[in-house]
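Enquirer: One structure is given below, represented as structure tokens, and several questions about it will come after.
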Amino acid sequence: MGRSKLQIIGPNGEIYQPTLKIQRNNDPNKDAEVLYEAMKGWGTNEDRIIGILGYRSSHQRIIIRDQFKALYGKDLITELSSETSGHFKKLLKMLLTDTDKMNARALYKAMKGGGTDESTIIEVLCTSSNCEIEDIKTAYQSVLKDYGISDPRRTLESDVEDDLSGPFKNLVIALLQAKREEIPFEIAEQIQSKGIKSVVDMNLVEQDVETLWDAGEARLGTDEAAIIKILVSRSVWHIQAIAQHFEKKYGKSLIDSLASETSGDFESALLLTLNTCLNRPKAYADLLLKAMKGLGTDDCTLMRIIVSRCELDLGSICQEFERSQGSSLEEWIRSETSGDYRKLLLALIGAEWS
């Protein structure tokens, strides 16, 4: 699983904060033994399971899973699945699966069979960085094998081609190329002191601002291709500058402009792509709110975001969530979930649960 340091730095140079309280000097043998004892005999000690898996990095968890098999000849996911149930079981399985494979499996399920879960495709791919997309594409091949699909022509991109249509498909295919411009982390760190103009070509920014206006507001109909080209290829810093200059020049935010010129899944995907570039933690905070607001909770999305972001930027996401809602993510989780499932989610966001 490759991870770029650029994922933890914002367009203005701020460093995003995680929530996972990782125990750095863990002994994977001891952790495996504790998990085995927690499931041994009659009943299961869920708190001991949470005490281990709620405080280990994704890398540590995979090592623990391997060590469990080496010590006991059993698969840890299989054992936990037989001892737990419901959302708690699903969350444990997510924690013991490589993050990229977890996302790849979600995409496969979103497109298999009759009907398509467009919201999952949008949530996973429109928020992902170049390296995350490349890792998901690789993991998707492993997921296909897990489901008994050996056709070498089947890829994530080919499934998207078959399942989606129109400008929404074009946007997703463009994102899958993972060609967004990036700058070295060391230069990105200096943006807070030197300003965004130090890392972007302002002449190109002005050209892009005019192109986006001409592709939407200034014409009858919308030139989706021109919009897609800019939003999926320019760096997050460049897009930040575009948004600032667009509003200054035309008196309307880029988000509002694109929302007025697009619709449906294409609009949702385009706006999430843009919002992720402008403020990644805010984009995820909005997704978490959407997952919990209203009747019922979208637990799969809630779990997937918390598992995938707790080591990267979930602390910053929590700050944005509370800023926009006036109440904390912890409060919402306590209200919307229950039992051991709630305890494990709270552990992952760095809150007290015992």
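Using N, Cα and C of the backbone, Cβ positions are placed for all residues, glycine too.
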Enquirer: For the Ca(2+) 3 site that Swiss-Prot describes with M111, G113, G115, which of these is also annotated: D47, D162, D163?
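Expert: Among the candidates, Swiss-Prot records only D163 at this Ca(2+) 3 site.
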Enquirer: Determine which of E83, E118, E123 appears in Swiss-Prot for the same Ca(2+) 1 site as M39, G41, G43.
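Expert: Of the residues offered, the record points to E83.
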Enquirer: Out of E261, E330, E331, E336, which is the one Swiss-Prot records at the Ca(2+) 5 site of M292, G294, L295?
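Expert: The one candidate that Swiss-Prot places in that Ca(2+) 5 site: E336.
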Enquirer: At a 10 Å cut-off from the C-beta of D163 (Ca(2+) 3 binding site), count the other C-beta atoms across all protein chains.
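Expert: Excluding its own Cβ, the number within 10 Å is 16.
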Enquirer: Considering Cα atoms only, can you say which of G43, E83, L295, E336 is the nearest neighbour of D163 (Ca(2+) 3 binding site) among these binding-site residues?
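Expert: So, spelling it out, the nearest of the binding-site residues is L295.
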Enquirer: Quick check for the class: what is the C-alpha distance, in angstrom and rounded, between G294 (Ca(2+) 5 binding site) and M39 (Ca(2+) 1 binding site)?
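Expert: Rounded to a whole number, the Cα-Cα distance is 36 Å.
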Enquirer: Rounded to the nearest angstrom, how far is the Cα of G115 (Ca(2+) 3 binding site) from the Cα of G296 (Ca(2+) 6 binding site)?
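Expert: Cα-Cα distance, G296 (Ca(2+) 6 binding site) to G115 (Ca(2+) 3 binding site): 21 Å.
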Enquirer: So if I draw a 10 Å sphere around the Cβ of G115 (Ca(2+) 3 binding site), how many other Cβ atoms end up inside it?
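Expert: Other Cβ atoms found within 10 Å: 9.
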